[in-house]
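Notes to accompany the following structure.
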Amino acid sequence: MADLVQNAANNVLNDGMDTSRHTSSTAAPPSRNEVELNGQPPTAPPPQVVTDSEEDEDEELTLKYGAKHVIMLFIPVTLCMVVVVATIKSVSFYTQKDGQQLIYTPFREDTETVGQRALHSMLNAIIMISVIVVMTLVLVVLYKYRCYKVIQAWLFFSNLLLLFFFSLIYLGEVFKTYNVAMDYFTLALIIWNFGVVGMICIHWKGPLRLQQAYLIMISALMALVFIKYLPEWTAWLILAAISVYDLLAVLCPKGPLRILVETAQERNEAIFPALIYSSTMVWLFNMADSAETRNNSSHPVPQQENQVVAMAPTAQAEDDGGFTPAWVDHQQHQLGPMQSTEESRRQIQEMPSARPPPPADDDEERGVKLGLGDFIFYSMLVGKASATASGDWNTTLACFVAILIGLCLTLLLLAIFKKALPALPISITFGLVFYFATDNLVRPFMDQLAVHQFYI
């Protein structure tokens, strides 16, 4: 089960930026190295003053990235649902019921009475949700005890199965539907290239757009498997139950998904890219490198402070602040006579600075992330509506709009509370309400209008 998270480093960085932005402070005097770079005696900068323009910039930044995040999520969610609906409408394989069911749903719904069917569907939903809960707990325990290799092997095998086996079934049914002749050698070559490139992009390194495309395709394939092999009533009950479980797992203090997110925040680590759709690149092999770089870059700072503290008594004893005649002659030889003129100040300001540039990870840290499970169940709801609503496009479009509205509200709450929130409850609730209302009220009403040739 997946949740809507922003990166932990983004939260820590934003909190630190907000705290420093709204706190008045006086900068410390520059060190001797900075004095020699500037070529001027040190001057204390004026204290920072909080103005209304800075608060306006904060609000503008929030609105900018909030709207940007909405667009970043609308496009992949829409593409995933479009792939599923297009497959349902064109490939009859995923709508035909051949009696096969998942091993997690052993009870059949082709019973004599409605009561037995409802009971069997509830039992199937309970078993399915129990399996999801157990798998989530196993994942959290493995992550808690840093069993990263086991998690990577687990995700590697799952993606291997999806990209090769389920993709082979999907491609074969598409070719059969459109009557495309294909030999086994060419088909094997296509599947091999598709699967290998996908495994490289997801578990190692690749272009961002290609990684996102593979994650969307994996979610669509999984949603199609659920649509075909889950009984109808069981599927609707699972959608309702999974939204409740997602709410509890993320918001409860001891919820498994909340523990997973908080653990990642404490360790300043990114969640595995095979579990999360990210609007920015997440590479597994870069995680250790980034942490090592941060650790290495943090060591010289206290060392430099120690040097400054050790040199301070000597500078005070000489009573010249380090501006010896030899130093003045050297600076005059390089810069000319030091006169406080407009030309000299402009030349000094144009001199290159030896300070390292600020890290360029700010835009990447702002990337919004959505669990692949959310993609799967969104697409499952829309695909199930398209498959069981007697081919009615009104019901399908109603579910599609309901999911996007729920996603907007979830992102709005995310901007307000600024913490990890579940992405399923609002969208799935809206989708279920819109589905049953449209299928049982709107569609019969419109059919009667069409029969009597009555136009509104």
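Cβ from N, Cα, C; glycine included.
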VAL180 / ASP392 share membrane side in Swiss-Prot: yes
CB contacts for ASP246 (active site) [other CB atoms within 10 A, all chains]: 27
Whether the transmembrane segment (122-142) meets the transmembrane segment (184-205): three or more C-beta pairs under 8 angstroms: no
Region pair the transmembrane segment (422-442) / the transmembrane segment (210-230), three or more CB pairs under 8 Å: no
Dominant neighbour of the transmembrane segment (71-91) in 156-178, 210-230, 238-261, 370-390, by Cβ pairs under 8 Å: 370-390
Rounded inter-Cα distance in Å - ASP246 (active site), ASP374 (active site): 10
Among 184-205, 210-230, 238-261, stretch most in contact with the transmembrane segment (370-390) (C-beta, under 8 angstroms): 210-230
